[in-house]
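What TrEMBL says about this one:
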- 731-744: compositional bias 'Basic and acidic residues' (COMPBIAS)
- 34-92: domain 'CTLH' (DOMAIN)
- 710-744: region 'Disordered' (REGION)
- 1100-1136: region 'Disordered' (REGION)
- 366-408: repeat 'WD' (REPEAT)
- 918-959: repeat 'WD' (REPEAT)
Amino acid sequence: MSSLSRELVFLILQFLEEEKFKESVHRLEQESGFFFNMKYFEEKVHAGEWDEVEKYLSGFTKVDDNRYSMKIFFEIRKQKYLEALDRQDKAKGVEILVNDLKVFSTFNEDLYKEITQLLTLGNFRENEQLSKYGDTKTARSIMLIELKKLIEANPLFREKLVFPTLKSSRLRTLINQSLPHLKFVVPVGYFIEMADISIACITITIHQLCKNPRPNPDIKTLFADHSCSPPNGALAPSPVNLPVAAVAKPTAYPSLGAHGPFPPSAAAANANALAGWMANAAASSSVQAAVVTASSLPVPPNQVSMLKRPVTPPAALGMVEYQSSEHEQLMKRLRTAQSVEEVTYPTVRQQASWSMDDLPRNVAVTMHQGSTVTSMDFHPSHQTLLLVGTSNGEITLWEVAMREKFVSQPFKIWDISDCSMTFQASVGKDAPISVSRVTWSPDGNFLGAAFTKRLIHLYAYSGPNDLRQHLEIDAHVGGVNDLAFAHPNKQPCIVTCGDDKLIKNVTSNPPLLNLQFIFSTAVDGKIKAWLYDNMGSRVDYDAPGHWCTTMLYSADGSRLFSCGTSKDGDSFLVEWNESEGAIKRKYSGFRKKSAGVVQFDTTQNHFLAVGEESQIKFWDMDNNNLLTSIDADGGLPSLPRLRFNKEGNLLAVTTQDNGIKILANAAGSRSLRNVDAPSFEALRSQIEPVAVKVSSSSAIPNVNPVNCKVERSSPVRPPSILNGGDSVARGMDKPRTLDDVTDKPKPWQLSEIVDPVQCRLVTMPDSTDAASKVARLLYTNSGVGILALGSNGTQKLWKWGRSEQNPSGKATANVVPQHWQPNSGLVMINDVSGVNLEEAVPCIALSKNDSYVMSASGGKVSLFNMMTFKVMTTFMPPPPASTFLAFHPQDNNIIAIGMEDSTIHIYNVRVDEVKSKLKGHQKRITGLAFSTNLNILVSSGADAQLCVWSIDVWEKRKSVPIQLPAGKAPNGDTRVQFHSDQIRLLVSHETQLAIYDASKMDRIRQWVPQDVLSAPISYAAYSCNSQLVYASFCDGNVGVFDADSLRLRCRIAPSVYLSQSVLNGSQAVYPLAVAVHPQDPNQFAIGLTDGSVKVIEPSDSEGKWGVAPPVDNGMLNGRTASSSATSNHASDQAQR
């Protein structure tokens, strides 16, 4: 429906309302879907007319449109269900449950089961969560408040909640004006069926009443009287709408995005430049004028926008135009800048002298990432801090000078309920999610990550190890190909683009006038430039090669370059003349056809670098010929990715073995030596993150799958210190230089925590019980609680709440949690009838949503409701007894159960049936771990064997014995846990820690107890980001190891968490279980043999557990590396 047709519907709605045709008004609102009458909706909800409520809603959304719609329908149907139960009408309740609520079981089966159980209660208020349910009237009012919030947040209702402001009786006025010009009179009731005729007659009249009527008028609205422009006004080119050709996405698709924010210089000076592009593009028949909207949904191509003021809700859901006099002036400049004489060319810049030594060509640092690097970006002010995204979805922060990973975040959906239903259904079934783009915000306070499936993650960063989840946005249908930050008008702005052919502003800010235009490129080689005026792209120009292209500005924003590859493998690197939209310079030096898309970067306003032929090639911007090329000492992939830091003295390059090399010039080498960790504290105190809000997205529809290219900024300068100080860099501690000091760097030392004041510690209340050891320990997946299973079969839960001391409500050592129990006073106790508790092996597993816990202590497996502590069901009675439990990662109804008789049962809870029984061990099962990447289950047993099973057909693939010390019998618990990359496997036994490559089951690292940690290992676990390994020992020590090298970085002595009387007592007390916080890699908990549970964190001043030992030419701490780390590795190689 055209824009004018929509406006006609609003005029008819106004007419029907004025004439008191109430039923007709609401029927037209519902059928057109243009205006949601919240007042009418409230009336029907208060009256409990649920069928009419859903019928009216159906004109605007369906139950499975998005998460908001699903919640709206669920709340309505749940209320209808509860009211039926409150009337004791069980038959009606069953009908609602089966016909209305069943649809939600697909997305949350546990919730559906809990709702079903309400039928068994005499009064549903007996359920703890519904205990405060009042009378029907109050319940409807409370629900309505929630519904209004959901409707206002739902993008499908955006701009449909406000009726446009119209003069009274506007339709009657237009009809009366039209009567003299109509050859026949059309009754109002037929306006919908004859909309085109009606609009034609009305617009003819509007135009004939115009003071300056001109041929072929452009009538933009029916809401206001029309006035043609004066005859001497310049006309904008007429939009031409052409179909978009579908282009297949290439297998190797580049990440297209600029380093930093939009350059002010370009934004201020490039209006004429864009006009030059428009002049050339207008002559082409390939011009496309799609409509830019504030919605995330496409707009029909014939939609016409209106300038100057907000328009009535248009055909696109959520379309609003933000115009101003300044914007109109910009449009005038664009329209009148078509003559060559008016085009402003950039002035010739004076180049500073340079030499080949300015290029970062020497390998200074080599780092192992562990998985394929897909995107990199240096921090805008901390020049040695590198952000890395990988093919397994992991986000890593490297301090390249220290060769240390500050933070590593494996991919995880923060809140699956906020994602679309389609995405929720596809999670875990399709290919693994990888990172397509990582980038810093201009001020370095935020970093963003775009993923190959729908999502972008925004983190707030304020210093080492301080990376906090800020926003998760379901941004696009399909992959998110690129994202970029900008701060025009000092307002944060995030722009994304994706496979759904949309470019979006995913912030709550309106279109920003200082952001003049955005460049985008598509897989058909089209370059487009978009203004924030909802008037479509201003450029539709062909890039060389007509395929994948990246665009970048020079650091000062004065020069624009593009680099790409054709389908035939020919690569192109060119500079553009922005004023004319033409190629200014084409660079030579590509020798052979490429199998993928080449990557490039710019630096120092002078150099270009491209990764090709396993080399880095450099060009001088002012010379067409290749300047030089290097191979970075070899080991580069055929098309390496690369990234300069802002100063251009460091260059990060990806390697073939999933690593990163840092190349440096002389200045870069000095910066690597000068880095001092405390400098981050200055950053932490002087830079405060700016809040970014998410709302409906600005979108540019109807374009090929694009990667958005935004203007690259002038160099980002650190903000000044408050109260008139110097810049951040000067506020930091002055780094040492080689000229300032002549002594050697301070040797690395093991961090030893021996006193409680050196860390933070909290003991769980009511936890100490000498008769019940802590056999198993878990954090809840939400991070707000800890669950302990005692050797007597009793489970205890501790929860943290929100408070001034703990605003996040997450587990912390700063606040004592509550020993939590339901109001009923129930306790979760396993079936222990006839069980010898001394010989029983307790086991436990928690569902992903923390709703249910499954555990056993030698008897039957019990399934508990975590809210009520009630036993939902029991199964698998002994013999044999269950010894280990693990949920299938993709189906909570499938459980792998390790048994005392050495078998593994694959059990389906829903049908109460053992689907498969796996045999391969000789003794009881002690560990189970799933890998979705490798599609395997790895089991470990008391026989010191590791078995690999295919989870497709449940067949054994391989069996590997762990390497025990000479004379050691194969017994004791062997446990397994996968690294976040789902490939590396941590294996722990009382005699060792080991890392295996699970794809081959090759052992790549091993550590054996020695020196200060010589006692047997009692438990070990990866930190949540898999960068640390926490290991407890039978003498009470806890070791913190670097996960990649298995080198000890910190020892925590038992004197930290045990009193002197306990240490001197006759009974040894030590940790039997270790649990790691699901979001904080530096927080862990230990469960002790005396039944107590402790949560331990580093001190606020330290923030982390020691520093990874440096490795330099095989030397560690000034001497040969630990024999356990080197000789074991060598022996592995010899064995292979």
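Using N, Cα and C of the backbone, Cβ positions are placed for all residues, glycine too.
Note on the repeat 'WD' (918-959): residues 392, 428, 432, 841, 883-886, 888-890, 896, 898-906, 970-978, 981-983, 985, 987, 989, 996, 998-999, 1001 of its chain, located 6 or more positions outside it, place their CB under 8 angstroms from a CB of the stretch. When the repeat 'WD' (366-408) is classified with DSSP, helix, strand and coil residues number 0 helix, 25 strand, 18 coil. Counted with DSSP, the repeat 'WD' (918-959) comes out as 0 helix, 26 strand, 16 coil. Model confidence over the repeat 'WD' (918-959) is summarised by a mean pLDDT of 94. With DSSP states grouped into helix (H, G, I), strand (E, B) and coil, the domain 'CTLH' (34-92) comes out at 41 helix, 0 strand, 18 coil.
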